[in-house]
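A short worksheet on the structure shown next.
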Amino acid sequence: MAKKNYIIGIDAGTTGIRTFCFNDKGKVISSAYQEFKQYYPKPGWVEHDPEEIWVKTQKLITLAIKNGKLNPKDAVAIGITNQRETSVVWDKKTGKPVYNAIVWQCRRTSDICKDLKKQSLDSNFRNKTGLVLDAYFSGTKIQWILDNVKGARDRAERGDLLFGTIDTWLLYKLTGHKEHKTDHTNASRTLLFNIQTKEWDEELCKILRVPMSMLPKAFNSKNLFGFTSNVKSIPDGIPISSLVGDQQGALFGQLCTEPGEAKNTYGTGCFLLFNVGDEFRISNQGLITTLALGPEGKTVYCLEGSVFIGGAVVQFLRDNLEFFKYSKDSEKLVKSIKTKDDIVFVPAFAGLGAPHWDQEARGAIFGLSRDTTPAQITRAALKAIALQSYELANAMEKETGKPLKFLRVDGGATSNAWLMQFQADILGTKVIRPQNVDTTVLGAAYLAGLERGFFKSVAHLRKEETKTTQFTPKMKESERKEEIDKWNLAISRVKTET
């Protein structure tokens, strides 16, 4: 077998694991994918099995290498990107989780957040972390586990338990339980990390009653985090040289490393990130401030708008309502409709994220009649993805005072051309889709490769960028306004907070 160096990229998403092998031009050699089980113990609760995630990650690394007919010994490095906020607590000695991973979409800690708001602690968290008090973030999830798993709090206070987001969990397992680390982008999503000092904050940990001994050491995303040890089918000693939250990974994967550059990712949720460089700023438009990556992987700030249910609404129609067998069939179904209707679908299954931040809002469909079809409901669901993203872009324009000249997009749902055209129409601006829409893991691979010298520089990577598909607005302004007005009315009807 001829020597062919490559980077392994692991994308530990919300619904499944993808693994990729990338060549020295940042192009995909091979990949593998598998979904994992979603657990819904109570309404609004979402969990994953951390052990299942680990087992499937090992299997898929092996499969991606096999699919590319590559030699495991030729892997130069591993980069990991992950669903952020999802929280795992495990035993330091055994490496066994004390409870399932509590997923970012889970709303079980809404009451904890409400109590903190009643104590007027919002600004304590906002000014240090850039975040709002919401069940979305990790801090209250950790508190819930410690308070609700028998003996967990005592064990944590004795220093016997560790916390990590999924990047930390996979790093810990890949290194044979040797490394307990995270990166700044994941740490910045916990409600416990001061994004100005880039350190865990003692005051916030005390408020949420999280022992600091549980927390991983935090580093820049481009960093030598450790080496593989005792992993099935791959050799010991492969460097793990990047960890990055999925949305910041996508921002870097799109090479939006300069202030003013933005991207929107359409995955389980939708996430619009706008690079603001070295400027720490608190939004007054319902956006959050978080950490991202600038030139050559330097930590910078960005504004983010987060939508909890994006592509997941298509999964809901597929799995729960059984409108179609495969997600890709949604586009064909919508294109079959020849008439207009007034159906509006607000997929607030996990509350509303930015810019509303309403934890108690729930999903609703308006405008149903006896002759409503699955195709019409599907169209309304796809429109909802674009309209929620419009709200993020609108908030971003108001916050920065700059019009959006174009929007770079990525993520699985961008393969739906009907959705992308409607997005361009509703934004009134050009939408640019790259050839490789898996830019979350591409960002992790870029960072891992830059750290090891496998890639020369960001400037070099820009030269390797491939062709794009562009969608330009075609909708009449009157029709666009009508769609937005219907959406705003529907949102006002599901909101519980003013």
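Placed from the backbone N, Cα and C atoms, the Cβ positions cover glycine too.
Cβ neighbour count for Gly412 (ADP binding site): 20 (other Cβ atoms within 10 Å of its Cβ, all protein chains included). Among the features that Swiss-Prot reports, ADP binding site is placed at Thr14, Arg18, Thr268, Gly311, Gly412, Asn416, with the record citing sequence analysis.
Just so you know, the Cβ of Glu85 (sn-glycerol 3-phosphate binding site) picks up 26 other Cβ atoms within 10 Å once every protein chain is counted. According to Swiss-Prot, the feature sn-glycerol 3-phosphate binding site maps to Thr14, Arg84, Glu85, Tyr136, Asp246.
The ATP binding site annotation in Swiss-Prot covers Thr14, Thr15, Thr268, Gly311, Gln315, Gly412 and rests on sequence analysis. There are 16 other CB atoms within 10 A of the CB of Thr15 (ATP binding site), with all protein chains counted.
Residues annotated as glycerol binding site in Swiss-Prot, with sequence analysis given as evidence: Arg84, Glu85, Tyr136, Asp246, Gln247. Around the Cβ of Tyr136 (sn-glycerol 3-phosphate binding site), the same chain contributes Glu85, Trp104, Gln105, Ser306, Phe308, Gly353, each under 8 angstroms and 6 or more positions distant in sequence.
Other Cβ atoms within 10 Å of the Cβ of Gln315 (ATP binding site), summed over all protein chains shown, number 16. If you measure from the Cα atom of Gly412 (ADP binding site) to that of Gln315 (ATP binding site), you get 12 Å. Annotation: no binding-site residues among Arg84, Asp246, Gln247, Gly311, Asn416 have CA atoms within 10 angstroms of the CA of Thr15 (ATP binding site). Taking each Cβ in turn and tallying the other Cβ atoms within 10 Å, the top scorer among the binding-site residues Arg18, Arg84 is Arg84. Each residue in Gly13, Gly16, Gly267, Gly310, Ala312, Ala413 lies on the same chain as Thr14, Thr15, Thr268, Gly311, Gln315, Gly412 and has a C-beta within 8 Å of the C-beta centroid of that ATP site, without being one of the site residues. Neighbour counts were taken at the CB atom with a 10 A radius for the binding-site residues Thr14, Gln247, Thr268; the maximum falls on Gln247. In this structure the C-alpha atoms belonging to Arg18 (ADP binding site) and Asp246 (sn-glycerol 3-phosphate binding site) are separated by 12 Å.
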